[in-house]
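Notes for the one structure printed next.
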Amino acid sequence: MSKNSHRWTLAEVARIYEQPFNTLLYTAHSIHKENHDANALQLAKLLSIKTGACPEDCGYCSQSGHYTTHIEKEKLMTVEQVLAKATEAKANGAKRFCMGAAWRCPPNKAMPELKAMIEGVKAMGLEACMTLGMLEKDQAEALKDAGLDFYNHNIDTSPSYYDKVVTTRRFSERLETLENVRQAGIKVCCGGILGLGETRDDRIEFLFTLANMETPPESVPINRLIPVEGTPLASAKQVEGIELVRTIATARILMPTSAIRLTAGRTEMSDELQALCYFAGANSVFIGGKLLTEANPECDADRVLFKKLGLRAFAEA
C-alpha cells in the first residue's frame, strides 16, 4: 500500500460516519466494488500458539494474568503442532494463517521457533501473520527475514479512550511497534474492538487514527466484543449492529484498498447482520470454531452462509 496522500479531519470522518445509513452503505459499497471483488472473501485462520498469563491488563482479554477467567495457561506450542494446525486450516480454505501469543513482547529465546513456524507456514503456500505483542526493531527484522507477511497489533480503540481499557502499556507504545513493523517491511494488520464502553465519538476517532497513519493498515480487523466472565468488561453492553455496520462502512470509505476483516463476535450475529457487514465493505473473516480462546462459527456454518450470499473465497483481499 502506498503512503497516505490524503489527511482526513475528524469532522470529515464524523460526517461520513453519521450520514443517513442508506447513503453511507451505498457510498461504501460503491467504493468497495471499485477496489475489490464485492462477492469474494479472504479466509484466514487464527491460532493461539501461547495461551494465558499475559502481563498486560487489557480489560477485555481472557488471557490477561490480572484476571481469573476460564483460560488455562499453556506454553508455546511446538513448531510441529503449529504446522499441523496450518495444514488443517489450508484444507478448510484458509489463505492466511495467523499465530497469536499472549506476551507483552516475545522473548528472544523464542525467536528461533517463531521463525521456523513462519518458514513452515510459507512453505505451504499460505500467507503468514503473527501477533506477539510489542516488537523491538531487531525482532521485527528477524520476523521479516523469516518471511512474515503481516504483523497484527491493534490500537483497540480511540487514543482518548485507550487508558480506560489498558493501563499497562501506553497508546504511544502501540504506535512504536507499528512503526518498527513498517520499517522492517512487514505489512500491517491493525484495527480494534467495538463495545468496550466507548462512545460513537470514540469510534469515529478510532477510524480517524487508522486512516491517517502515514501508510494505512493493509488489513483492518473490526471486532465486536465477546464479553468474558472474570474480566472488567464482562458486563459491557453489546454495541448495536447498526453501529458495527457504520464502522465497517466508514472504514471502507476511508481506507478503500485495505482488507476489512469482520473478526470476533460473529457467533452472536444474525445472517442478516453479517450480510450487511459484507455489503458495507468487510471482505475477510477468520474461519474455524475457535478464535484464539473464544467461539467462532464452524467452517460448515460459514460455508452455508457464504453459499446463501453468493460469496466465494479467494487468496488476496
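Here the Cβ of each residue, glycine as well, is placed from N, Cα and C on the backbone.
As given in TrEMBL:
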- 39-266: domain 'Radical SAM core' (DOMAIN)
- CYS54, CYS58, CYS61: [4Fe-4S] cluster binding site (BINDING)
- CYS98, CYS129, CYS189, ARG261: [2Fe-2S] cluster binding site (BINDING)
For the C-alpha pair, I'd like the distance in angstrom between CYS189 ([2Fe-2S] cluster binding site) and CYS58 ([4Fe-4S] cluster binding site), rounded off. 19
So around the [2Fe-2S] cluster site, CYS98, CYS129, CYS189, ARG261 aside, which residues have their CB within 8 A of the centroid of those CB atoms? ALA44, LEU46, ARG96, THR131, PHE150, ASN152, SER219, PRO221
Just going by other Cβ atoms within 10 Å, which of the binding-site residues CYS58, CYS61 has the emptiest spot? CYS58
Can you grab the distance from CYS129 ([2Fe-2S] cluster binding site) over to CYS54 ([4Fe-4S] cluster binding site)? Cα atoms, rounded to a whole Å. 20
CYS54, CYS98 as binding-site residues, winner by CB count within 10 A: CYS98
CYS98 ([2Fe-2S] cluster binding site) versus CYS58 ([4Fe-4S] cluster binding site) - Cα distance in angstrom: 21
Which residue, out of the binding-site residues CYS129, CYS189, shows the minimum number of other Cβ atoms inside 10 Å of its Cβ in this structure? CYS129
ARG261 ([2Fe-2S] cluster binding site) CB neighbourhood, other CB atoms within 10 A: 26
Looking only at the domain 'Radical SAM core' (39-266), mean pLDDT returns 93
Using the Cβ centroid of CYS54, CYS58, CYS61 as the reference point for the [4Fe-4S] cluster site, which residues of the same chain not in that list have Cβ within 8 Å? GLU56, ASP57, TYR60, SER62, GLN63, SER64, HIS66, ALA102, VAL166
Rounded to the nearest angstrom, how far is the Cα of ARG261 ([2Fe-2S] cluster binding site) from the Cα of CYS54 ([4Fe-4S] cluster binding site)? 25
